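Quick look at what Swiss-Prot annotates:
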TRANSMEM  12-34  transmembrane segment
TRANSMEM  38-60  transmembrane segment
TRANSMEM  84-104  transmembrane segment
TRANSMEM  107-127  transmembrane segment
TRANSMEM  146-166  transmembrane segment
TRANSMEM  202-222  transmembrane segment
TRANSMEM  224-244  transmembrane segment
TRANSMEM  256-276  transmembrane segment
Amino acid sequence: MELRAFVEITRPHNCALAGLVGVLGSMVALGSVPEGKILILVFLVVSLGCAGGNTINDYFDYEIDRINRPERPLPRGAMDRRTALWYSLFLFAVGLALALLISLKAFAFALLAYITMFLYAWKLKPLPFIGNIAVAALTGVTPLYGAIAVGKIGLAGTLAVCAFLVNVAREIVKDIEDVEGDLKKGAKTLPIILGRRKAAYVAAFFGVATVIASFLPVKAGVGVGYYAMVPVDLIILYAVYLILRNQDEKTAHRSQLLLKASIFLAVFAFLIAALM
């Protein structure tokens with residue numbers, strides 16, 4: 001067993017980014033910076049939930065990761081599966097304990113999110129489209145958690161909708177990228193059922209829907225600062241163009257990375273709008 005596997009299996013960079021999105025979500029909701037204690041707790045609750053989710057996902061995804069991600073800790077033997085299971089539960093427990101320090105509502109929201117993460121990894125992930133919706137919903141509620149922690153939704157509500165929509169697109173594109181390994185496992189993902197081309201059209205629909213939804217605050221009278229979202233929308237549209245043009249593994253990988261980047265850039269665009 002490798003000690004570094006306890007960090008590696010959580011995907012710490014992703015967890016830190018998720019925590020940051022939660023923190024920025026609270027700032028988007030308030031239109032200002034909340035007190036330091038809330039910021040720290042939101043960051044930790046979201047990061048620990050993400051860490052637990054990634055770990056339990058690797059536990060249930062062991063067989064497919066032997067094909068698609070052989071370098072990860074479990075398939076390469078750096079950590080045994082039983083240890084990964086208990087480690088994920090420990091991370092969830094610590095996150096819930098910290099959520100209680102925010103509020104009962106924040107605790108309940110975190111509990112629901114953590115249960116969804118477990119169910120996604122255990123049962124929902126192989127289900128065509130339902131698994132995509134589940135993980136996209138978890139991404140969408142990340143900035144919303146920060147808003148709940150400060151007791152105000154504000155622009156964070158629209159941000160959550162956009163994050164959900166673009167992540168549905170990204171999850172479908174990721175399935176297009178992983179078709180080879182999923183076929184060997186016998187998974188029934190959307191690209192396997194519909195074909196890569198039709199799945200790309202579905203992903204494109206959600207990508208374009210994100211762009212449309214991103215302009216809802218403009219109709220509500222949000223100031224010119226909100227137009228910081230325009231470059232993000234262009235990135236999303238370019239990712240859509242790529243996956244419609246070609247559905248090979250390399251192109252799908254590039255497209256999903258662009259969609260992933262757009263999620264984080266959108267948070268900053270909404271933050272600019274909220275602060276201005």
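Heads up, the Cβ atoms here are built off N, Cα and C, so glycines get one too.
The stretch from 12-34, 38-60, 146-166, 224-244, 256-276 with the most CB pairs below 8 A to the transmembrane segment (84-104) is 38-60. Simply put, out of 107-127, 146-166, 256-276, 107-127 has the most Cβ pairs sitting under 8 Å from the transmembrane segment (38-60).
The stretches the transmembrane segment (12-34) and the transmembrane segment (224-244) do not meet in space: the count of Cβ pairs below 8 angstroms, excluding pairs fewer than 6 apart in sequence, stays at fewer than three.
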